[in-house]
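Written out below as structure tokens is the structure these notes cover.
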Amino acid sequence: MPPQPPPHWHQLDSQAVLTHCHSHHDGLSAEEAASRLARYGANALPQPQRKNLLQRFVLQFHNLLIYVLLAAAAITAVLGDWVDTSVIVAVTVINAVIGALQEGRAESALAAIRNMLAPGAIVLRGGERHAVEADRLVPGDIVLLQSGDKVPADLRLLDTRSLRIDEAALTGESVPVDKHSAPLPADTELAERSNMAYAGTLVSFGQAHAVVVATGSDTELGRINAMLGSVPAQQTPLSRELARFARQLTAVIVAVALATITLGIVWRGYPWQAMFMAGVGLAVAAIPEGLPAIVTITLAIGVERMARQRAIMRKLPAVETLGSVTVICSDKTGTLTRNEMTASHVQLRDGLLQVSGSGYAPEGGLFRHGQPQQYGSHAGLDALLQAAALCNDARLQAVAADWHLLGDPTEGALLTLALKAQLPLDELQQRLPRRDAIPFESEHRFMATLHHDHNGQRLILLKGAPEVVLARVSHELAAGGVQAANLPWWQQQAARLAGDGGRVLALASRQQPHSGCELTFDDVAGGLTLLGLVALLDPPRDEAKQAVAMCRAAGIRVKMITGDHAATAAAIGRQLGIGDGRALNGHEIDALDDAALAAAVQQVDVFARASPEHKLRLIAALKRHGEVVAMTGDGVNDAPALKQADVGVAMGGKGTEAAKEAAEMVISDDNFATLVSAVREGRTVYDNLKKAILFILPTNVGQALIIIAAILFGVALPISPVQILWVNMVSAVTLALAFAFEPTERGVMRRPPRPPGAQLIDRLFLWRLVFVGLLMVVLPFALYLQLLSQGAGHPLASTMAVNSMVAIEIAYLFNSRRRHASAWRRDTLLGNPVAFGSVLLLIVLQLAFSYLPWLQALFGTAAPSGHHWLLAAASGVLAFVLIEVEKALLRPR
Ligand code: ATP
């Protein structure tokens, strides 16, 4: 039976909602969920319609440059010059086909990446918790929410614990609202329905159980049709700069073309038809038609490459910013370390125990002076293990020979520890059922649970960071029973254990007479009995050490900002090569004013016991020094810091949806090394864009100069407008595209970051543009004149001028593969296979251009002979050598 939607979910009490949804507290069965999924469809909003090939093709014509070309075609048609008309039309069509195909490819790359960010949800099905993709949710599913989650569907809350939800996505109200589960009057406004959680909003605090009442397009979000999780098309600062540049260029070109036409008619007395054709040629020559497509495809290929390396860009502009990052602030746990915790030591008041075994498999044991210790043999150990196992939300699953952890690694390690000592978990959970809990949050750094025993006693268990727990402790459990706590001794032990790089947790308990089923912060504010400490090892990732070294070579400073203890953080920092053993604590940061903190961030690289607010202050301090900061984060409270960083990096695995929403980039394997390879890729993309532009523009300058020179010197055009169109088109689709596939330069991570705000079009760039542009005029022009003087006709001479220009472009492709370094090297000449393919294709096209009769007719070309080709090749070689000499002379030392 499908649930009949009642008028208002918020009006019903929890039981009535469940009845209406034909669901219950244990959730739906797997079969029922599957059949509802078939009936209601996926819990997803319809994807925005993607443009099909034809639409993309038509849209390519909606472009200032193409309008200029089409106008030129119309006028040549009126003048009866059908050849020119058809060539210009053909060029615009071919350009549009290529543009449409490339855009399609870029769009698919980005769409694929969007899918990689599909959010998940935790549901109860048949009483068991399951992690499912959010689009599998159906009405009636019971969903578990916790802080940082994105609400996956419209939910009616069944029970809540300090739940607060940020509904900005729906209502625009950015202050999180408190939620509960009690029924509300029927006429309550949407924004006031505090027993509902709506799809697309973010849980900023607390936990809840809720039942799904609407999915997909039936949700409020679906109804207002705001697109959930859609990443809008964005322009990067670079592409904006380029677009502006292209517009200015077009204006300049049109002005120069008009001036040239006027000069030609008035000063040199040419017929206006010829001058008009020359003007068209000039405009067509100078406009870099291929540029926008090259930029799009280079960015898209970069983003695709990054995704293959598990770094998913959510916001395109960050690709460029990544390349100029000067400081990376990284979390420790899980990013620099493996986040595979294993208990190594247990410190009781009367002695230290070693723990053997690795991973989450409860194999191995506890030893004191080499003697195995088990649950049941030592009252102090028993109490500690009970707390470790019960004040714990993790579960272990044996799958074949492997043990899998569901939940938090810190808690998984504690559970494994208890099981290694043969603690009877099921029996204990029945004897001491949990009544309430204060979940772990990074802000308060502890977790507490309330249990009732059958003798009418309340047992409170607490575990957390030693300083936090010790501050609430008055007694300790020793061999002789409970006694006043020796806090300095415990602090010493905690510092000693942390000094080895271990994470240290303290465990405590408190017995109370039966008084209610609720656990409040006051209940754990003091009077607890300390049971002992547990040290957990979380080894650094092997790749992280290398990645840190790579950053150092690349002029990028790595800072570790962690919630862990200073001694732990400093020890891990030492193992990874971060910092000099000094660590600044959260409360020490609090004691510094902004100026002092700005000075401190220059000195110290390790920050411990840091909260998300500290992250914010650290970013501000770093930015004050002009640093470009990448910052990692995972918690819901990291969102502001992720937004404030130049590149916010969320962890795909342990990161919350809130963090991912705020971030520019998501690292799907949570690995620091992946972040560093993304930086490398960011630098590559920027390099490649710059190379592509530096390659394309001189060709346009050269071609335009040829026409201007011909007019000013009163000679026939060595290259006709249609021939120029041909050159532009074939070089854009072959040579320029090769830059999008340029592999990363070897030294890319051995040079300092690009200074922020560095101009793309700098002085060297402009100079090279002019220099190469001049070569492209002088050499083909010289060849043209020489052939004429040797008695060749205009068609042959101009064919060879075109071939010479193409040869120079081919040579210049290899010059441009390195901006400063010599191109006369094996890896520069052979390193990009796409470049070779492009060159081969271009040669074939030039052969067709020179020999195929119908192309000869179209372009006015004539068949050259062998030695003509040698001359063209010689002009290419000469240009290559001259440009290399220029590079050598201007190379920065
Ligand atoms: P990083 O920022 O490097 O990832 P972190 O995320 O490990 O650090 P938190 O998770 O905020 O830092 O943990 C801070 C401290 O809280 C830990 O050092 C530990 O003492 C304590 N702690 C961590 N997890 C739990 C837990 N599940 N229950 C109780 N206390 C915990």
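Just so it is clear, glycine is given a Cβ too, placed from its N, Cα and C backbone atoms.
Residues or ranges marked as domain 'Cation-transporting P-type ATPase N-terminal' in TrEMBL: 8-81.
Residues or ranges marked as transmembrane segment in TrEMBL: 57-79 (among others). Residues 51, 85, 88-89, 91-92, 95-97, 99-100, 246-247, 250, 254, 273, 276-277, 280, 283-284, 287, 289, 292 of the same chain sit 6 or more residues outside the transmembrane segment (57-79) yet have a Cβ under 8 Å from a Cβ within it.
Among the features that TrEMBL reports, transmembrane segment is placed at 249-270 (among others).
If you look at the transmembrane segment (276-303), the same-chain residues 6 or more away from its ends with a CB under 8 A from one of its CBs are 63, 65-66, 68-69, 72, 75-76, 79, 81, 84, 88, 95, 98-99, 102-103, 105-106, 109-110, 113, 236, 238-239, 242-243, 246, 249-250, 253-254, 256-258, 260-261, 264, 270, 313, 316, 319, 681-682, 684-685, 688-689, 692-693, 696-697, 700-701, 703-704, 706-708, 710-711, 717, 720-721, 724-725, 728-729, 731-733, 736-737, 739-741. As annotated by TrEMBL, transmembrane segment applies to 276-303 (among others).
Positions annotated as transmembrane segment by TrEMBL: 692-717 (among others).
As annotated by TrEMBL, transmembrane segment applies to 723-744 (among others).
TrEMBL lists 765-784 (among others) with the feature transmembrane segment.
Residues annotated as transmembrane segment in TrEMBL: 796-814 (among others).
Positions annotated as transmembrane segment by TrEMBL: 834-854 (among others).
Positions annotated as transmembrane segment by TrEMBL: 866-885 (among others).
Among residues of the same chain six or more beyond the transmembrane segment (834-854), those with a C-beta under 8 A of the stretch's C-beta atoms are 726, 730-731, 734-735, 737-738, 741, 799, 802-803, 806, 810, 813-814, 817, 861-864. At the 8 Å Cβ threshold, with sequence separation of at least 6, the transmembrane segment (796-814) comes into contact with the transmembrane segment (692-717) through 3 or more pairs. If you look at the transmembrane segment (866-885), the same-chain residues 6 or more away from its ends with a CB under 8 A from one of its CBs are 771-772, 775-776, 779-780, 783, 787, 796, 800, 803-804, 806-808, 810-812, 814-815, 822-824. As a summary of secondary structure, the domain 'Cation-transporting P-type ATPase N-terminal' (8-81) carries 44 helix, 1 strand, 29 coil according to DSSP. Long-range contacts of the transmembrane segment (692-717) within the same chain, counting only residues at least 6 positions beyond its ends with a Cβ under 8 Å from a Cβ of the stretch, are 242, 253, 256, 260, 263-264, 268, 270, 275, 278, 281-282, 285-288, 290-291, 294-295, 298, 724, 727-728, 731-732, 735-736, 739-740, 760, 765, 768-777, 780-781, 794, 798, 805, 808-809, 812-813, 816, 819. For the transmembrane segment (765-784), the residues of the chain that approach it from at least six positions outside its boundaries are 694, 697-703, 705-706, 709, 718-719, 797-798, 800-802, 804-805, 808-809, 812, 871-872, 875, 878-879, 882-883, 886, 890, judged by C-beta separation under 8 angstroms.
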